[in-house]
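Structure, as structure tokens:
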Amino acid sequence: MLRLGVNIDHVATVRNARGSAYPDPVRAAKLAEEAGADGITAHLREDRRHIADADIDALMEALSVPLNFEMAATDEMQAIALRHKPHAVCIVPEKREERTTEGGLEVAREENKLAHFIAPLRDAGCRVSIFIAADEAQIEAANRIGAQVIELHTGAYCDFHAEGRFEERDAELARLTNMASFAHALGLEVHAGHGLTYETVQPIAAQPEVMELNIGHFLIGESIFRGLAPAIEEMRRLMDDARA
Ligand code: PXP
């Protein structure tokens, strides 16, 4: 079955816009669980612009489904992950000035450093996922450093779609499809995410090697119009239809 991980970062973005205690990302996560999310994803950024340390504490306490903890490869984040031991840790690149995670992780150039970085996380029982572009060299490097999972960055595919650049979108989709098969053949579990919407999710969900999609920004935005549970249920339906 194709799993849906709901990213609740942007509930915290709205909360932090006013420095209030609401809307509460943990409440959103519980609601997402009830609406059929198979996991919850949260990204604790270095600058704490959305999710805060206390949110991670509260999510670990409250969730019945697995937490996928997204983090940069820093000593601070590694210590936090080792304290909580979430089900999964997804290593993402992080630049202070970026609005969102813009590209995949450069694994091939940082192979040694990353291998040492993820070893204690694996030893602690976390499933380690690496967020990368659909690129053979990066996938091979992720495999060599001992990651169990790769998450393919669907951002470029979604951006091309939104901009009406359909030839480029289809080329990127072909790359994602080929690289999902390539990674699967190496024995890696394949996830995908970033920028996915109702319009873009189905070709990705249709890939039989893809086991999990992590979706946040669109769902939180859509929940303004239809409510969080119906927004998630519609995404689930589209994913299941594409898979069938
Ligand atoms: N997967 C990863 C690794 C991410 O960094 C993000 C964004 O935090 C997502 C998935 C979800 O992307 P979006 O919020 O655009 O759906």
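Using the three backbone atoms N, Cα and C, a Cβ is placed for every residue, glycine included.
Just so you know, TrEMBL annotations are computer predictions that nobody has curated.
Annotated features in TrEMBL:
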type: ACT_SITE; residues: His43; note: active site, proton acceptor
type: ACT_SITE; residues: Glu70; note: active site, proton acceptor
type: ACT_SITE; residues: His194; note: active site, proton donor
type: BINDING; residues: Asn7, Arg18, Gly195, Gly216, His217; note: 3-amino-2-oxopropyl phosphate binding site
type: BINDING; residues: Asp9, His10, Arg45, His50, Thr100; note: 1-deoxy-D-xylulose 5-phosphate binding site
type: SITE; residues: Glu151; note: site 'Transition state stabilizer'
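Taking the features listed in TrEMBL, we show where each one sits on the structure.
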{"residue": "Asn7", "record": "3-amino-2-oxopropyl phosphate binding site", "DSSP (3 states)": "strand"}
{"residue": "Arg18", "record": "3-amino-2-oxopropyl phosphate binding site", "DSSP (3 states)": "helix"}
{"residue": "Arg45", "record": "1-deoxy-D-xylulose 5-phosphate binding site", "DSSP (3 states)": "coil"}
{"residue": "His50", "record": "1-deoxy-D-xylulose 5-phosphate binding site", "DSSP (3 states)": "coil"}
{"residue": "Glu70", "record": "active site, proton acceptor", "DSSP (3 states)": "strand"}
{"residue": "Gly195", "record": "3-amino-2-oxopropyl phosphate binding site", "DSSP (3 states)": "coil"}
{"residue": "Gly216", "record": "3-amino-2-oxopropyl phosphate binding site", "DSSP (3 states)": "coil"}
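Checking the binding-site residues His10, Arg18, Arg45, His50 against ligand 1, not one has its Cβ under 6 Å from it. Most buried of the recorded positions Arg18, His194, judged by other Cβ atoms within 10 Å, is His194. Residues listed for 3-amino-2-oxopropyl phosphate, Asn7, Arg18, Gly195, Gly216, His217, cover a largest CA to CA span of 25 Å. Shown in sequence order, Thr154, Gly155, Tyr157, Cys158, Asp159, His217, Phe218 are the residues of the chain, 6+ apart in sequence, with a C-beta less than 8 angstroms from the C-beta of Gly195 (3-amino-2-oxopropyl phosphate binding site). Put simply, His43 is the one of the recorded positions His43, His50, Gly216 whose Cα lies nearest to the Cα of Glu70 (active site, proton acceptor). When the recorded positions Asn7, Glu151, His194 are screened for a Cα within 10 A of the Cα of His43 (active site, proton acceptor), the ones that qualify are Asn7. Note: the CA-CA distance between Arg18 (3-amino-2-oxopropyl phosphate binding site) and His194 (active site, proton donor) rounds to 26 Å. Note on the recorded positions Asp9, Glu70, Glu151: the fewest other CB atoms within 10 A surround the CB of Asp9. In terms of Cα spacing, the binding-site residues Asp9, His10, Arg45, His50 all stay beyond 10 Å of the residue listed as 'active site, proton donor'. Each residue contributes its Cα atom, and for His10 (1-deoxy-D-xylulose 5-phosphate binding site) and Gly216 (3-amino-2-oxopropyl phosphate binding site) these two points are 7 Å apart.
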